Amino acid sequence: MNPYRRATLLCSVGLGTTLTFASSHWLLAWMGLEINTLAITPLMAQHHHPRAVEATTKYFLTQATAAAMILFASTTNAWMTGEWSINDLSNPIASTMFMAALALKIGLAPMHFWMPEVLQGLDLLTGLILSTWQKLAPLALIIQTAQTIDPLLLTLLGISSTLVGGWGGLNQTQLRKILAYSSIAHMGWMIIVIQYAPQLTLIALGTYIIMTSAAFLTLKMSLTTKISTLATTWSKSPILTSTTALVLLSLGGLPPLTGFMPKWLILQELTKQDLPIIATAMALTALISLYFYLRLLYAMTLTISPNMINSTTPWRTQTTQTSLPLALFTTAALGLLPMAPAILMLTT
């Protein structure tokens, strides 16, 4: 793609998200979401591969459906209450429809069906944008309207997302699909606590973006998209393979890595809200997700591909291309847990 076109589309993606952030009127928020969708679509189909075109079509259809539901919900709320403000979502039918539309936009279960298939058809950098930046605008709207949405609906969406995110990743061999189910599970953790402590949702979102960015960038640098090729990476770049393994464990929420911090804080908040059953259910679903991350770690470190000619690491490995964003994201994805009290203090 022409660099000028790519820059224009990336600026439009940022403009759509910023417009949604800054809007207090439903039509402006809807317009920002639409600019975002229309700008990301050419980036998804830029390689003209049949899988990429198929993924782009699926993404466009689901996002268009969600946008129509948002427009219908906002019109219904304005008709029933006379208010177009985002903070005045008082009609229960409109609020439920609005939450369903945003759940479809960010891939919450049971509206998650498009996420793994779309991510599988994209390259790793576009998949990174889809998994991180594209979640910001819908989550901002959910945070603004969380107090008007039925708590039972949010709880069901949160638990089902963490369950589906863990269960769906068990049988996968493609790393992009595994990261898609990881995204679904992390969205569930954010939604479950959004009514009680929105600042914890922001902490979980920040750590999710850091860990997912580190995971996508390490996989891109090692040119790995399948579990079967993970076994060959250690002989090419042992340091990068070790980094990838630690980042995946951080995504799974294993202490003492960064990914444990949001889960620990969210479970603590749910316990404070006298919701021990929900906290226990969330902790158990996190174990399912941790299992398939450990499976990736096993394939990466303890297995050898039958196609390998040399079974030992050469004494001199090729120098990997340095990447400043990868170094920053990886460092943050592995070492932020000791700073948890300071981060919590800054957000409250």
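Each residue, glycine too, has its Cβ placed from N, Cα and C.
Under the heading transmembrane segment, Swiss-Prot lists 13-33 (among others).
The transmembrane segment feature in Swiss-Prot is assigned to 60-80 (among others); the stated evidence is sequence analysis.
The transmembrane segment annotation in Swiss-Prot covers 93-113 (among others) and is backed by sequence analysis.
Residues 92, 95-96, 98-99, 103, 108-110, 112, 116, 142, 177-178, 181-189, 191-195, 278, 281-282, 285-289, 291-292 of the same chain lie 6 or more positions beyond the ends of the transmembrane segment (149-169) yet place their CB under 8 Å from a CB of it. As annotated by Swiss-Prot, transmembrane segment applies to 149-169 (among others), with the evidence given as sequence analysis.
For the transmembrane segment (178-197), same-chain residues at least 6 beyond its ends with a Cβ under 8 Å from one of its own Cβ atoms are 106-109, 112, 115-116, 118-120, 127, 131, 135, 139, 142-143, 146-147, 149, 151, 154-155, 157-166, 168-169, 172, 204-205, 208, 212, 215-216, 251, 262-263, 266, 269-270, 273, 278, 282, 285-286, 289, 292, 296. Residues or ranges marked as transmembrane segment in Swiss-Prot (evidence: sequence analysis): 178-197 (among others).
Residues or ranges marked as transmembrane segment in Swiss-Prot: 202-219 (among others).
According to Swiss-Prot, the transmembrane segment annotation covers 246-266 (among others), on the basis of sequence analysis. Only residues 6 or more beyond the boundaries of the transmembrane segment (246-266), in the same chain, are considered here, and those with a CB under 8 A from a CB of the stretch are 182, 189, 192-193, 200, 203-204, 207-208, 210-212, 214-215, 218, 282-283, 286, 289-290, 293-294, 296-297, 330, 332-337, 340, 343-344.
Here Swiss-Prot flags 274-294 (among others) as transmembrane segment.
The list of residues near the transmembrane segment (326-346) in space but at least 6 beyond its ends in sequence, with Cβ under 8 angstroms from a Cβ of it, reads 199, 203, 207, 210-211, 213-215, 217-218, 221, 243, 246-247, 250, 255-261, 264-265. What Swiss-Prot records for 326-346 (among others) is transmembrane segment, and it gives sequence analysis as the kind of evidence.
With a threshold of 8 Å between CB atoms, the same-chain residues lying at least 6 positions outside the transmembrane segment (274-294) that come near it are 155, 158-159, 162-163, 165-167, 169-170, 172, 178, 182, 185, 188-189, 192, 248-249, 251-254, 263, 266-267.
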